[in-house]
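Visitor: Let me give you the structure first, and then I'll get to my questions.
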Amino acid sequence: MPWIQLKLNTTGANAEDLSDALMEAGAVSITFQDTHDTPVFEPLPGETRLWGDTDVIGLFDAETDMNDVVAILENHPLLGAGFAHKIEQLEDKDWEREWMDNFHPMRFGERLWICPSWRDVPDENAVNVMLDPGLAFGTGTHPTTSLCLQWLDSLDLTDKTVIDFGCGSGILAIAALKLGAAKAIGIDIDPQAIQASRDNAERNGVSDRLELYLPKDQPEEMKADVVVANILAGPLRELAPLISVLPVSGGLLGLSGILASQAESVCEAYADSFALDPVVEKEEWCRITGRKN
C-alpha cells in the first residue's frame, strides 16, 4: 500500500521528543536519519545515540489527513506554527529491496573498492573490502571517509603497521590490511565500535592481524608506521600530544573529520612534530597529512 512520509529536521537531543509527537499524531513508524551521513553504532541497552543534526521521519497511512497531523504538531513546544517540514507521497514498493538497490560498490583511489555484501565485486583482482551500509559507514559517501580511504590507497603499506585512531567500524584499519599492511591496531572509546570492527574484520578475513583496544587497555609503548584518525577537529586538537607520539620517526599521519575552516587550527597542533603536506579538501571537509620529524 502507498504511504505518506513527513520529515522534520532537529537536533539529536530533541529527536526522541519529536518521535513521540509524530506517533501521537498517528505515525505508524519512525525513522531517525543522519542529515550528513555520519555513522552511528548500535546503542548500549537503555541508550539512544543520535547525530547532532537528525532527520525524524514519520510514516503515515495514505488515508491520513496530513493537515490534521500538521495542526497537531504545531501545538508541540519544539515546533510551533509554521514549523519547517517536508511531506511526500511514497509509492507502494518493496522497501527492503529499494534500500538495497541504492547501494553499489564504491571505488577509492586506484586499487580499493568497498562493496556491500549483496553485490558482486566489480573487479576480482582489486582490493575488495566487504562492508554493509549502516554498520560500516552510513552510505559510504561521507567525504572524510573517502579522503582517508583514498590516502591509504595511495600508500605502499606492505609489511607496515597501521593505527586507526577512533576506528569506529574498522573500515580504515581493514582497508589498510587488505592493502598490504602486516598489522593494524584499532582504538575507540566505544565498546560497540570495537565489536563492529571485530565483526567486520572477521567478515573480511583479517581478524588475525587486527588488534582492538579501548583507550584504557591500549599498550603504553605503541608505535606504527602509519597513523590515521578520522574523528573531529576538537578531539584532534586536544589529543595532539597523544596522537603525535604514535608514528615512528619518519612515519606518516593522516587526519580527517575536519571542516576546511578548521584546518589551520588543527595544523598548528601538529606542526611542531610533523612536516605537513598541503591540505586536501573535498566539499566542505579536508584531510591533513604529514611525516613525523
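Note: Cβ is positioned from N, Cα and C throughout, glycine not excepted.
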Visitor: Check Swiss-Prot: it lists Gly166, Asp188, Asn230 as binding S-adenosyl-L-methionine. Then name which of Thr145, Thr158 it lists for that same site.
Guide: Thr145
Visitor: For Thr145 (S-adenosyl-L-methionine binding site), what is the secondary structure by DSSP, using just helix, strand and coil?
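Guide: DSSP call for Thr145 (S-adenosyl-L-methionine binding site): helix.
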Visitor: Among all protein chains shown, how many Cβ atoms are found within 10 Å of the Cβ of Asn230 (S-adenosyl-L-methionine binding site), not counting that one?
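Guide: I count 25 other Cβ atoms within 10 Å of it.
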Visitor: Using a Cβ-Cβ cut-off under 8 angstroms and a sequence gap of six or more, which residues of the chain neighbour Gly166 (S-adenosyl-L-methionine binding site)?
Guide: Ile187, Asp188, Ile189, Ala229, Asn230, Ile231, Pro235, Gly257
Visitor: Would you pick out, from the binding-site residues Thr145, Asp188, the residue whose Cβ has the largest number of other Cβ atoms within 10 Å?
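Guide: Selected residue: Thr145.
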Visitor: Excluding Thr145, Gly166, Asp188, Asn230 themselves, which residues in that chain have a Cβ inside 8 Å of the centre of the Cβ atoms defining the S-adenosyl-L-methionine site?
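Guide: The surrounding set, listed in chain order, is Cys148, Asp164, Phe165, Cys167, Gly168, Ile171, Leu172, Ala229, Ile231, Gly257.
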